[in-house]
């Protein structure tokens, strides 16, 4: 229980201040709030964008439903436009998709409406003092004393400066710090702040409003326009000032005449097909011109004084994260304060102990807020043609932009959010958990392991190039076990395609050496697993704009070189471009079912060929040569079955998007991402694991009894250059097969370990869990073989990712 005499003094009654007051009240910590304005929610023409990271905290406070009621419901879409108002890319019903993924939509309302809601939610409204501008701060060993401009004093244990970009508390903190510890704030006091842009923002009421969140590019300027409750439209005109960095005392203050002069230059700017900026401005209710300061100060605290919100870190408003960061920094402060007060008696703590707690608060949020400030600045510069890459924006967004692109960018800003640790929010269905809800904290430096894995696989890729094609060996296969090399299977055209896309080792089956047969079988087992899983990966939502979508390209490498080269190349691309996120995981159910059916048909045909009467040796060779063509047959059949299924059903995220584009307005039309595919994928993985594992185990047992170390002899007595001088092609092919099997297994093993620890890096599993799975991967290589282990790990991964989303949905 917190000491009843402990008190936090809050300077500033904005989003940061009122938000913090609500959080402290929830934590049963006494507080008092000083606001310089004479009313709690003055009308200054400002709006605020609310995103899932901030709405989750507001939900913990108990005000989300009131905010939603004020907002109403708007099927918010997202549109990017060029300087002529033409659409570059469009994301339909983005707010609905955002809510389905993260539990909350994005909402635009009047800033004063949010302030009023936060104020009304307070139980102790008498602790809010209006017209109290901070004038002086004194800090002693046992507390702080704040004197306001009218001479009234307020005392507390900690002072929080939530008084904005022109913070008086910050000035007083710097003064006190320099007296006690000279030079402690030298860097902040002398640093320049970015004032690269100015902004005319306002609220308009249009008879024919815009129904989409609009980002409009310009030359030296840009627009953000968003619909709000009723017929209200919130808008921002951002203009490059050409000033860059300025001293804090040189931050400009603009007049109404300067606003009018600036606006006149942009009245004819197109903001949509049928609207200009003049349409917005002429129907305005409120507007103002303000400089846009951007900064993150190096030190936010000293002794018993802490800065939160704009007084410590100021964003460009184009990304809508300024208010959200104010709420997150408040949550970080309350979390650390509660932890401190549980362990210590506030009456006996020194200023240094408080300062240490405030240091932890800053460290908890500093890295994240720096990233958010930079991201907003980059976005503004790109849209205003003020960035080296600005010229590429229309073409880039026109190619890759859209719903998934926009949602992916928002996800990066949202999921790492801070929340109140001791106040769980009401359950909101969502597919993607926040970072602080994951089983483990993500590891940022996991890229070291990623690049180590890539380098090791790259070395295997280099070694694989040493394996020459069969055409480079001396000798022939004209008469193997009494049978000539098979040249014709179906028709000339089909046989030409088959021979073009696949090499052949099937002649080894007919030779007398059982070790060659077993090596060939083991290769086929791995090939089956690779083909099946790579086919599935090509259909994953997260791989639709990646080379991983086209596994046939890697099977061409299989033909031109070896399987070891193809697998190494594929796994390198997968480690760099692969999507291991919950959102990128889903596969269309039609593809999952089609892959299972295609695999069954292919191996049923191969098995049937083994029992063709009167042609035993020839049918065996045809069967195993057919098995080597698995990539072609499986890929083609899966594509055909999937296309047929999709033509007769509606499922998955992509179809929901197309439905909306065609005019569906009902919120229920948003199908979203569901784990409908998991049951089919599980059946496929289990089928692979059981069948491949059983055959491998039988092969290992048979080899242990019959071969007496022949494989190890090959590895000890030969090297890759030795292949150039093999006595005959048959023996050379066998040596190639063994080394190819080794390289393939090695690259697969590295990839499986990378997969496990990549999941640890994202926080999806704990370190202990990762070690357990690593051990199982190691054991699986011997017991059930690489192919079955691949299937088993993918079964585990599939259920892990889908399970994390189902936990919160």
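Including glycine, each Cβ sits where the backbone N, Cα and C put it.
Here is what TrEMBL records for this protein:
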DOMAIN    6-342  domain 'FAD-binding'
TRANSMEM  517-542  transmembrane segment
TRANSMEM  563-584  transmembrane segment
TRANSMEM  590-612  transmembrane segment
TRANSMEM  684-705  transmembrane segment
TRANSMEM  733-753  transmembrane segment
TRANSMEM  773-796  transmembrane segment
Leading stretch by Cβ pairs under 8 Å, where the reference is the transmembrane segment (733-753) and the options are 517-542, 563-584, 684-705, 773-796
563-584
Beyond a gap of at least 6 residues from its ends, the CB atoms lying under 8 Å from the transmembrane segment (563-584) belong to 101, 407-408, 411, 431-433, 450, 453-454, 457-458, 460-461, 463-465, 467, 523, 526-527, 530, 534, 537, 540-543, 546-548, 551, 554-555, 557, 673, 739-744, 747-748, 750-751, 754-755, 758-759, 762, 801-802, 804-805
For the domain 'FAD-binding' (6-342), what's the model's average pLDDT?
93
Within the same chain, the residues 6 or more beyond the ends of the transmembrane segment (773-796) and with Cβ under 8 Å of it are 522, 525-530, 532-533, 681-682, 685-686, 688-689, 692-693, 696-697, 699-700, 744-745, 748-749, 752-753, 755-757, 765
Other same-chain positions with a Cβ less than 8 Å from the transmembrane segment (684-705) and lying at least 6 residues past its termini are 514-515, 518, 521-522, 525, 528-529, 532, 536, 592, 595-596, 599, 711, 782-785, 787-788, 791-792, 794-795, 798
